[in-house]
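All remarks here apply to the structure that follows.
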Amino acid sequence: ENTSDFSLNSTDCIQVVVPEEVFFTVAAAGILENLLILIAVVRNKNLHLPMYFFICSLAISDMLGSLYKTLENIFIILCKMGYLTRHGDFEKKLDDAMDSMFILSLLGSIFSLLAIAADRYITIFYALRYHNIMTLRRALAIIWTFCAGSSIAIALFSYEAATVIPFTILFPLMMCFILCLYVHMFLLARSHAKMIASLPTSTVHQRTNMKGAITLTIFLGVFLCCWAPFVLHILLARFCPHNPYCACYMSIFHVNGTLIMCNAIIDPIIFAFRSPELRNTFRKMFHCSR
């Protein structure tokens, strides 16, 4: 609130406001699309593979992001109507819970993308040892236990520098690690392609795995485009709230929040477009409902 007031006084940039109807429409579409992904994977036994379960983990993270923005706007509306106060104890606990949901969505998305990248890497280069290396239940349990614990800790101690600094470092660090993993994966795949050119079945298998790697690279690009502006807003609000240029960027806060929810809409479209098995499952689902 203080940052917003200062921004209006120190910059000529106009606060960009996204209509509440747009927020609710985009959020509802994202939640429904990702819910369809979860139902499709559960119903189709051919999709009961580690990669698709990690995709479900990513879908849950997207749903949490859309749900966070939906509840946040509902509470803002209630505050404007006078049903909630900005500085009450209940509102403070509610705000902490909302912050935990947001951070859980962000960390869940990062680690789900990391798990998917690791899954593709192991599938391509260590196919014979895949089931020994990749333990699905253990991986999912570690991901969500760590994300839940971290989200609660960061929300409760967000004003402590010792907590804020690691959080601001985690996002670019994990993104760099995933990018390095993908670059290494594509370079190795390029060198292996010549070695297996004489084996038709292996070539088909390699192309299938590389198609999955390309799909997940698209996921990563979409994630960066949708989440990076919001994370940058958090960093600017924390480290340079009184700078006019930072204040000018923070005037598009609502646009950055809308981008997060757009990520929840775009990801399921990529799933359906890149996966023939998933498209067939959707057709069967809608055919049965009709």
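Cβ coordinates are placed from backbone N, Cα and C, and glycine is handled just like the others.
According to TrEMBL, the protein has these features:
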DOMAIN    33-271  domain 'G-protein coupled receptors family 1 profile'
TRANSMEM  22-42  transmembrane segment
TRANSMEM  49-68  transmembrane segment
TRANSMEM  100-118  transmembrane segment
TRANSMEM  139-159  transmembrane segment
TRANSMEM  165-189  transmembrane segment
TRANSMEM  210-232  transmembrane segment
TRANSMEM  252-273  transmembrane segment
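With respect to Cβ pairs under 8 Å, the transmembrane segment (252-273) is most closely packed against 22-42, considering the stretches 22-42, 49-68, 100-118, 139-159. Contact counts against the transmembrane segment (100-118), taken as Cβ pairs under 8 Å, peak for 49-68 among the stretches 22-42, 49-68, 139-159.
Residues 50, 53-54, 57, 96-97, 99-101, 103-104, 107-108, 111-112, 115, 167 of the same chain lie 6+ residues outside the transmembrane segment (139-159) yet bring a C-beta within less than 8 angstroms of a C-beta in it. The average per-residue pLDDT of the prediction over the domain 'G-protein coupled receptors family 1 profile' (33-271) is 77, rounded to a whole number.
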